[in-house]
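> Below, the features straight out of Swiss-Prot:
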| type | residues | note |
| --- | --- | --- |
| ACT_SITE | ASP440 | active site, nucleophile |
| ACT_SITE | GLU493 | active site, proton donor |
| COMPBIAS | 17-28 | compositional bias 'Low complexity' |
| REGION | 1-46 | region 'Disordered' |
Amino acid sequence: MSAARQPSPTVRDKAAPEPAAPAAPKGARAPRARRAAPPHGVRPAPALAAEERARLLEGRHHDPHAVLGARTQRGGVAFRVLRPYAKAVTVVAKGLRTELVDEGDGLFSGLLPLTGVPDYRLLVTYDSDEIEVHDPYRFLPALGELDLHLIGEGRHEELWTALGSQPMEHQGVAGTRFTVWAPNALGVRVTGDFSYWDAVAYPMRSLGASGVWELFLPGVAEGALYKYEITRPDGGRTLRADPMARYAEVPPANASIVTASRYEWQDAEWMARRGALAPHQAPMSVYELHLASWRPGLSYRQLAEQLPAYVKELGFTHVELMPVAEHPFGGSWGYQVTGFYAPTSRMGTPDDFRFLVDALHRAGIGVIVDWVPAHFPRDDWALAEFDGRPLYEHQDPRRAAHPDWGTLEFDYGRKEVRNFLVANAVYWCQEFHVDGLRADAVASMLYLDYSRDEGDWSPNAHGGREDLDAVALLQEMNATVYRRFPGVVTIAEESTAWDGVTRPTDSGGLGFGLKWNMGWMHDTLRYVSKEPVHRKYHHHDMTFGMVYAFSENFVLPISHDEVVHGKRSLVSKMPGDWWQQRATHRAYLGFMWAHPGKQLLFMGQEFAQGSEWSETYGPDWWVLDSSYPAAGDHLGVRSLVRDLNRTYTASPALWERDSVPEGFAWVEADAADDNVFAFLRFARDGSPLLCVSNFSPVVRHGYRIGVPQEVGQWREVLNTDLEPYGGSGVHHARALRPEPVPAQGRAVSLRMTLPPMATVWLRP
């Protein structure tokens, strides 16, 4: 029932509800301390003690509801209102209209001869305006005891529903509940455009030992800008964005925005079937991109018109989005997050981002987002020393400071911080239907001595260098995500030999579904960057990955990190002239797509962009324009990537047994002088696929490749040297039949012509 339709107020002996957000006029001066003569027939309420009055006005009061609002006492009902800049405040109820006494400093009070607290509103008069509002200090807490209990335990898996700003109806009145965790604060006030950014009027109440502060503001609706003014333990004040904000201003502005989702998802079919296969037993080829620079200037909704069609045409099964959580500095590419619960507003609203994810799902494309639990920046309006003391960061400065990036590391041992991060992972999966989370910089979390000199770190309780708190966090996050969201995959960017990254948590592992194989990437790129004549001395770089290929469930990443900061683009790493560079680029991708592990390729590399990636300008799309003389060269590489993905997806041998030794067998691993590699992949039913790579610039005629005796013929299903891809066209037009000539330890072999700098796939 709305306030306007409520029956006549009954007498109460407790404060009731009904608030509304006042607004001080622009340009108003700070209120003067004055005590006006009381209106006719109105007695002032009993005066506040000097210390309590000071705490209220200075933002140090832990329970403003105890002194503001209305309550019964001897002689009637005492009203007290804090309205800076107001000329007068009048209590309005059915049969009642009484102006309160001006106590000075924006305080107004009155003791009215009533037997109970009525359902009242406040008529607030300013120099040039008069508004009628509900009193925020008549309301009971809008956060339940169960929420507080779960927050206190560090087990609130849907933390974003309890903390932050929540538009809602409370006690029959529409408004917004503001809640923030700030256990060290002497006081917290909420301010925003609804108060002309004056915080004095809206002190929040402390909800006991939880460390949570709460205030329900009637009349504050979606779209309102806000921040919290926190009084630190030293008495100073700091103005902060909401750590739980689900929407924020476009940087460099940094206020939080009240929001609620009304998006109606259209991806039910996708969500129902995405968990049919375990990710490591399903095809997965990932197109990594930076949303803001893929097509610079596009909004989320404009991206939804172009990105799904492009990715689907190329045959990728997933996209991986570099961090979309809000971040102040675009040059960080999103890896220095300040708004962990807010998709960046640079490209639109949270619902606009939902629209993009939905469009990708409807195109049959999974969505992985980069998630950054390792650190956060030091901006003084964000998380750093949020309530005046280390809160989200570790109390030990040596543990808090990230030595590589000048940022701060989370205190993984604090239950509320752990809850903040675990719930954040749940949030992206639940609220945005993402299909995977790639945890960034996991290695920096796992080791106490990561990038630290001796004396700059202290060992764990067992004397070791492992960060046991970080281990516990990652295990809890993975266990929670996999329990709640079947079909979602978590991926670790972990660059060390930590044992059990993708082992289940109940077996002592970290519990990730997949791990980036950084070692494979570095080794193989080192090989292909050498001149062909020198590659024989580095042959092991291409084979060593198989020594540990099944120790974890791997992703083979050619990511953004490999095409920036002087590392050159993928094609530019290759030696030789332009033809040789493209040929080696294509051969490498063919080798990579057939190798055990999932594939990841960063944007621009699918068409052999020659320059490094720029977050400002994005991929060099112009090289695909027909007016560019070499456009055909780049289009040829893109056509190859399309056919790699399509053939890969149609070949269960390449993904059904990706993480078990039975799915792979070397055929030729020792032909260092020839720069040749050959291996077999096997599907669950035993059907094979043969991959042969020749990384030398010469055609090798009559080359013997041993094959299984039971297969009667082999046909070429992919060849990176075909002319449409920009190759020389050396291929096998007809099926090849094994001959009874032993090779590589097998009784029969194929007599092949190996194209130069190329990879060939054959199937029965």
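Quick reminder: no glycine exception, Cβ is built from N, Cα and C everywhere.
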> If you run the three-state DSSP split on the residue listed as 'active site, proton donor', which class comes out?
coil
> Reported as an integer number of Å, what is the Cα distance between ASP440 (active site, nucleophile) and GLU493 (active site, proton donor)?
5
> Just how many other Cβ atoms lie inside 10 Å of the Cβ on ASP440 (active site, nucleophile)?
21
> My understanding is the cutoff is Cβ-Cβ under 8 Å with a sequence separation of 6 or more in the same chain; which residues meet that for the residue listed as 'active site, proton donor'?
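In sequence order, ARG438, ALA439, ASP440, ALA441, VAL442, ALA443, TRP516, MET518 meet the Cβ cut-off.
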